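Going by TrEMBL, these are the annotated features:
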DOMAIN    33-280  domain 'SAM-dependent methyltransferase TRM5/TYW2-type'
BINDING   Ser112, Arg119, Glu158, Asp186, Asn187  S-adenosyl-L-methionine binding site
Amino acid sequence: MKRRKTQLIKPRIREILSKTLPPELVNLLPKHWVQLGDVLILPLREELLPYKYEIAKVYAEVLGVKTVLRKGKIGGEFRETNYEIIYGNDPVTIHKENGILYKFDASKIMFSPANVKERVRMASIAKPDELVVDMFAGIGHLSLPIAKHCGARVIAIEKSPYTFKFLVENIELNKVQDRMTAYNIDNREFKGENIADRILMGYVVKTHEFIPKALEIAKDEAVIHYHNTVPERLMPREPFETFQKIAREHGYESELLESRIIKRYAPGVWHVVLDIRVFKK
Ligand SMILES: C[S@@+](CC[C@H](N)C(=O)[O-])C[C@H]1O[C@@H](n2cnc3c(N)ncnc32)[C@H](O)[C@@H]1O
């Protein structure tokens, strides 16, 4: 039933907008979008920008969302989205996925649909007696599933004060205050040493710079979920070789348990995650 409804949406949107838009622009209307709670993220081509408000209004009405954002580039230390609000005025949404409520400002904070498999994988990755440290927590993207579904203890570190506000709210919304604690600091300032059974490094481009800190937080034996971006021509050697080299320099051996592709990051560059067991030499 739902599938049939979805199939009817695109023709309905085209039909309404063909009354306002020049015919050559109707074919450029977005055929794919991302809906997070009651906010829609729409990729809009330059040619459509003079009509962006009219277009966003129709998508909002047909899809039943309160706000529409124009998809743009993600960047900077905090991986901010900076998506333009083109319809409505409230970009804060509550998105439900795999039994978890994620509240966040979709115009500023990334929530990638392509990372869904990894978020779901985390929901059964840890044992209840583990201590997990999430070094790049965001709004709890990867660590809320661990706290909620695995019942493990989680320390979540997030540097951006704005994102941190939502992380704290999400811990309460998901009722995991008894086992999840959040810190609004740069993870390099975190004081815990030799405490973690498992470490999440959900960051890209510069993740290798944080390996020494991860090893400091890790117990003598631990598992690290190491994300990074890697040019295709260096795969599959990288990024494990670099990890192993840095770990050795810090007195740890490493064993690659598994590697997975998360998504295409740029032409010829992949976002990957490696599960690595580290142990003190
Ligand atoms: C790309 S988001 C990813 C969130 C989540 N780990 C995931 O994989 O879906 C990375 C987060 O790390 C935060 N961050 C960046 N550098 C940090 C640092 N040095 N210490 C703590 N958090 C940091 C950013 O603000 C951002 O919220």
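Cβ atoms are placed via backbone N, Cα and C, with glycine included.
Features per TrEMBL, on structure.
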| residue | record | Cβ within 10 Å |
| --- | --- | --- |
| Ser112 | S-adenosyl-L-methionine binding site | 16 |
| Arg119 | S-adenosyl-L-methionine binding site | 22 |
| Glu158 | S-adenosyl-L-methionine binding site | 27 |
| Asp186 | S-adenosyl-L-methionine binding site | 14 |
| Asn187 | S-adenosyl-L-methionine binding site | 21 |
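With a CB cut-off of under 6 A applied against ligand 1, the binding-site residues Arg119, Glu158, Asp186, Asn187 are reduced to Glu158, Asp186, Asn187. Across all of the domain 'SAM-dependent methyltransferase TRM5/TYW2-type' (33-280), the predicted model scores a mean pLDDT of 97. As a whole number, the greatest separation of Cα atoms within the S-adenosyl-L-methionine-binding residue list Ser112, Arg119, Glu158, Asp186, Asn187 is 23 Å.
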